[in-house]
Amino acid sequence: MAAQTADKLDKLHLNGSTTAGKTITAAKARAEENGTSEHDGSEDDKEDEADAGDNGVTGATKKKKKRKPKKKKGPAPKAQTDPPRVPIAQLFPNNQYPTGEEVEYKNDNAFRTTNEEKRHLDRMNNDVLTDYRRGAEAHRQVRQWAQKNLIRPGKSLHEIANGIEDATRALTGHAGLEEGDNIKGGVGFPTGLSINHCAAHYTPNTTSRPWIVDQKDVLKIDVGIHINGRIVDSAWTMAFDPQYDNLLAAVKDATNTGVREAGIDVRMGDIGAAIQETMESYEVEIEGKTYPVKPIRNLNGHNIGQWEIHGGKSVPIVKGGDQTKMEEGETFAIETFGSTGKGYVKDDMEVSHYAKRVDAPNVALRVSSARSLLNTINKNFGTLPWCRRYLDRLGQDKYLLGLNHLVQSGIVEAYPPLCDVKGSYTAQFEHTILLRPTVKEVISRGDDY
């Protein structure tokens, strides 16, 4: 996301008759013969006792029912379905998820790979790594299914967004309909589906006009998946006409350059310079006209905190004087954007993305719908980004007045779509990296990109 992102048993009622007493005695005798107490017998024994009590006959004369064989549990699923609906935790029942791409540190940090202290620190973060890797594997399976079976010309953005998000909720095991469930895991932020000159932060609202993907479109897909607030933020671009191939190649190469250059003690400005040099070495011919591929200079990568998609650090994609360093233990989204336009984006179109600010002020809300909506946000999203479709899914209605009041009060941040000039084409690729004490792990790396 771009930064500017027990069943109870009934008591037996005895009528004091001799027959009832004989029934209980017979049940006890049968239990003693089997070496168990009357409370430890099988369900069939209990049914025999109950029937005997009801019919006034003893357990000795009552024919014992045949026990039903227990149903054996089937083997754990070994493959994902189409569409994806098998939770990742079921595919990896030992809780050992695939490791991302591990890259050893170089130069002054080369010692980290074998240093025992650093390896000990790495082991201490095992729970965090497990959450990230589970989320990353869900991300890979969702996006690779979407690439092959969902995203194509003729599909609407509503269909694509709902398809990706339904798969995400199924694979993480968090449907997000119960209070607090989405905070435990699931969708990390609204699925970004930005077309052509729109570079980032567009997802359809429920009431948006149907937007159908065209053969000539360049579509950016930005997907966030989290487990316990550990967000995996990764994006890719799809085009259906080969004339855009060089645009996509330029941005993918630039993102991989940023991933390669990033590391502990590396300065942000140096990463930006390397990204810019790579991207500007490409040009693309569209409809017979050649365009240089420009980095969008006012869009950046960013660090990621727990339940916080945009941390306090930015990773530029152009050269500059930022001397801020990356540090051990941090998580970054390395993302780059290329454009055939001006290489600069502005707010445009209908807002759909929102998030409660981490530093939200404690102000009195005079609008009752704002208070009610804030309560819903706190219980279902916390500081994770969300969109209006998610409120609709929770059954919220008539919330726009309250939503606007929360934005004006500085409690909720609105993230409008970010667009270059009309007629231009933009592309995006993004990976999440973990600066572990011993190695850099590109947690979102897959066979696709």
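Backbone N, Cα and C define each Cβ position, glycine as well.
Source: prediction; values computed, not measured.
As written in TrEMBL, here are the features:
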{"type": "COMPBIAS", "residues": "18-28", "note": "compositional bias 'Low complexity'"}
{"type": "COMPBIAS", "residues": "41-52", "note": "compositional bias 'Acidic residues'"}
{"type": "COMPBIAS", "residues": "61-75", "note": "compositional bias 'Basic residues'"}
{"type": "DOMAIN", "residues": "132-343", "note": "domain 'Peptidase M24'"}
{"type": "BINDING", "residues": "His201, His310", "note": "substrate binding site"}
{"type": "BINDING", "residues": "Asp222, Asp233, Glu430", "note": "divalent metal cation 1 binding site"}
{"type": "BINDING", "residues": "Asp233, His302, Glu335, Glu430", "note": "divalent metal cation 2 binding site"}
Between His302 (divalent metal cation 2 binding site) and His201 (substrate binding site), how far is it from one CA atom to the other, in Å?
15
For the recorded divalent metal cation 1 site, whose residues are Asp222, Asp233, Glu430, find every other residue on that chain with a C-beta no more than 8 angstroms from the centre of their C-beta atoms, and list them by sequence position.
Met1, Ala2, Gly192, Val223, Gly224, Ser234, Ala235, Ala333, Glu335, Gln428, Thr432
Should one count Cβ atoms within 10 Å of each candidate's Cβ, the binding-site residues Asp233, Glu430 would be headed by Asp233
Could you check the binding-site residues His201, His302, His310 and say which one's CB has the most other CB atoms within 10 Å?
His201
Note the mean pLDDT of the domain 'Peptidase M24' (132-343), expressed as a whole number.
98
